[in-house]
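Asks: Relevant sequence annotations retrieved from Swiss-Prot are reproduced here:
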BINDING   Glu22, Asp68, His99  Ni(2+) binding site
Amino acid sequence: MPAFKPERVLVLGIGNVLWADEGFGVRCVERMAETHALPANVRLLDGGTQGLYLLPFLEEAEALIVFDAVDFGFTPGTLVTMRDDDVPAFMGAKKMSLHQTGFQDVIATAQLMGYCPSRMTLIGCQPVELEDYGGSLRPAVAGQIDFAIAEAVRELRAWGIEVTKGATISNDLVDPSLARDAYERGRPSEDEACRIGDHRFFPSAAKVRA
């Protein structure tokens, strides 16, 4: 029997699917629901960029697994796993967006209130591109989704939680209109909808379009 066997686990994906690789975490939980059957005590949640609104979910969990795009300073597409005290430290070391600052605050607040999960695991991927509004995950990052899920499954099994191939029904995931397949098919092209900024305000955009 494992030394640590949590009764309630939160598997959380955070980020913004509208900003290219920043959607990595959300796409991981979406994919995990499609490929693995999780027991009732494991909750899959698309946390998006909700910040402190995620606090009640952390309060309920004894263990936490977080998927996110994190700037570790490594080669783009590199997958990294951090645990426990290293999780808030790495999420705040080099902030890429407001959602990371917000999630740091969530962890700090949960710790102050005495409700922080006793085990935390961050499965992060070094992004390639974050400035493409409406863009897709880059191949180097998208290619790490299944490996990130496999790492989460290993972590869950190490905690004594049974995970099998299958599917998990959850009401806590991305809206179907923003699911990856629908998003990719329904998104307008770059010619139809500029994704690099209005040239009236962003000189770099004008140079690219010239």
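Each residue, glycine too, has its Cβ placed from N, Cα and C.
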Asks: Near Asp68 (Ni(2+) binding site), how many other Cβ atoms are within 10 Å of its Cβ?
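Replies: Looking across every protein chain shown, the total is 27.
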Asks: Indicate whether Glu22 (Ni(2+) binding site) is helix, strand or coil by DSSP.
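Replies: The three-state answer is helix.
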